[in-house]
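Visitor: I am attaching a structure below and will ask some questions about it afterwards.
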Amino acid sequence: MKEGVVTPPDSEKDLQNVEGSLNTEEEKAEEAHIQLSKGRFVLVLVGLVLAIFLASLDFTIISTAIPKITDEFHSLQDIGWYGSAFFITTAATTAHWGRLYTFFPLKWTYLTSIFFFELGSVICGAAPSSTALIIGRAICGIGAAGLFSGSYTIIAVLVPSADRPKYSGLMGASYGLASVVGPLIGGAFTSHVSWRWCFYINLPVGGVSCLFILLFFANEPPKSRPDWRGMLRQLDMLGLVLIVGAITCFILALQWGGVSKAWDSGAVIGTLVAFVVCMILFVIEQWWLGENAMVHSVMIKRRTIWVGSMFSFLINSAFLVTFYYLPIYFQSVQGVSASTSGVRTVPFILAVTFCVVIVGQIITKTGYAFPWMIVGAAITTIGSGMIYTFDTHSPAGKWIGYQILCGIGVGVSFQVPVMLIQATTKDADVPLATATLLFIQTLGGAFGVSSAQAAFQNTLLKQLAITAPGLNPQIVLDAGASELKRVIPEQFLQGVLEAYVSGFRECLIVGIAFGGAAFLAAFGFRFTNIKRTAAAEA
């Protein structure tokens, strides 16, 4: 069994290759080598769908809870970490989980990933401080990476190739459902119970998933595995440390710069230098490891793969900047509840989800994918620019329409690089190529959210000196995002709200920049009809 990877539901080619390529039709017929009764199979499938739903929910459920979290912990400066900590560990450990599934029994390795996810959820739910919450989010990300990779790997050993797309599509639908309901569930818990239930909800549902896998999935020992030295070499622990260390240094520099420390301070410069050094060492180490690297050098040499990865990094950054900061705008500036802010972001998420499905079907029928990337990135940039115009009293028609426009742009382009890569890559390389793209795409989320947070904080502090002179900025930072109208003295409130709008707009400038860069990156692809492409890209 080879490394499993996470794929979108409309990418049938990769779903059929999640264990790696098979050389003959006879081998394909033998792929389903764990036989379960119909009842046991259904219960295992339910367990997998629940696990994917929870892992996917953690991407989105926190967005509407963040303002209340900043109220409780007085941690406005940590907003970027609440998303980035999860993205970093999910991206950095996905390849490691894929290899662990080949080294150890599939059942117990999968249950270990559930344990990590549940442990992180407990830490988040019981977190006494912002730092504890960030640590919990990072542990959740480790578990989520194992759940994504392992769920598709289990499907690969339970059903033959011809039947995998419909079952994997079911898990993909679970991912899409979680994306839509996440902000709604998060907002409802935050408004009516506590934001902590955004994480506690994982415990009973995850427990059911764990129980079904434990009782009904047959344990399968690995066919073969290297010795401990070989395993450590293939797991690339040094690469893991370098990439996590690099991104952590980058985020710390952005968090400190212009807020708690001057941009030219030793701490900020030092962390930026450490980021560059770690990235250089990571690139060298990946090249030196060759086929055992997290990011295979052969993959990056292929134009479609590195351009697709770059585009995915940029468009995902633009998407998450808007997704994470819209609830802050609604709750802090417009003063609505967390549950209402979740409802108000539905137009954006529905537009993304609907367009991903529709464009996937259109590309499958016509074979033309390249134009959708250009159109999608352009619309995303324009939509982000329109959202930039939000002010303290933007009417419903404005924030609904502009969200839909931006969501359409993201939706029509988001999955296109995956489809292009899978259509222009040899079957044997599809899992590795897709894993490379998803690794870089997820890192884009960490970079995008943290960059937007730096822009938000710096602009907020600068504008407060103009719009609310005489008010101590620390009061605003300690107030949290949704407690402004309760904490800020009335004579300063309007000025603080205007400063918040300025900070929000600066976030959108970051999103506009990422969207514009994605538009330019799209031209790096060759115009091709993927229905006529069978050979690997030259």
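Glycine is no exception: its Cβ is also placed from the backbone N, Cα and C atoms.
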Visitor: I'm validating the feature mapping. Which of 78-98, 477-497 is tagged transmembrane segment in Swiss-Prot?
Guide: 78-98
Visitor: At an 8 Å Cβ cut-off, counting only pairs 6 or more apart in sequence, do the transmembrane segment (265-285) and the transmembrane segment (310-330) clear the bar of 3 or more pairs?
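Guide: Counting Cβ pairs under 8 Å (6 or more apart in sequence), the transmembrane segment (265-285) does not reach the transmembrane segment (310-330), since there are fewer than 3.
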Visitor: Within the same chain, where does the transmembrane segment (42-62) have neighbours whose Cβ lies under 8 angstroms from its own Cβ atoms, ignoring anything closer than 6 residues to its ends? I mean 6 or more beyond.
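Guide: Contacts with the transmembrane segment (42-62): 36, 69, 82-83, 86, 114, 117, 137, 140, 143-144, 147-148, 151, 154-155, 158, 167, 170-171, 174-175, 177-179, 181-183, 185-186, 198, 202, 205-206, 208-213, 215-217, 323, 349.
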Visitor: Any contact between the transmembrane segment (507-527) and the transmembrane segment (114-134)? By contact I mean 3+ C-beta pairs closer than 8 Å, pairs at least 6 apart along the chain.
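Guide: Answer no, regions not in contact.
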Visitor: Can you name the far-off residues of the same chain, 6+ from the ends of the transmembrane segment (400-420), with a Cβ under 8 Å from a Cβ of it?
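Guide: For the transmembrane segment (400-420), the nonlocal Cβ contacts are 7-8, 10-11, 14, 304, 307-309, 311-312, 315-316, 318-319, 322, 326, 345, 347-356, 358-360, 363, 369-370, 372-373, 375-384, 386-387, 389-390, 434, 437, 515, 518, 522, 525, 528, 530.
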Visitor: Three or more CB pairs closer than 8 Å, sequence separation of 6 or more: does that hold for the transmembrane segment (197-217) against the transmembrane segment (114-134)?
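Guide: Yes; at least 3 Cβ pairs under 8 Å.
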Visitor: Checking distant contacts: for the transmembrane segment (343-363), what same-chain residues at least six beyond its ends satisfy Cβ-Cβ under 8 A?
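Guide: Contacts of the transmembrane segment (343-363) (Cβ under 8 Å, skipping residues fewer than 6 from its ends): 8, 10, 60, 63-64, 176, 179-180, 183-184, 187, 319, 322-323, 326-327, 330, 336, 369, 372, 376, 399-400, 403-408, 410-416, 419, 530.
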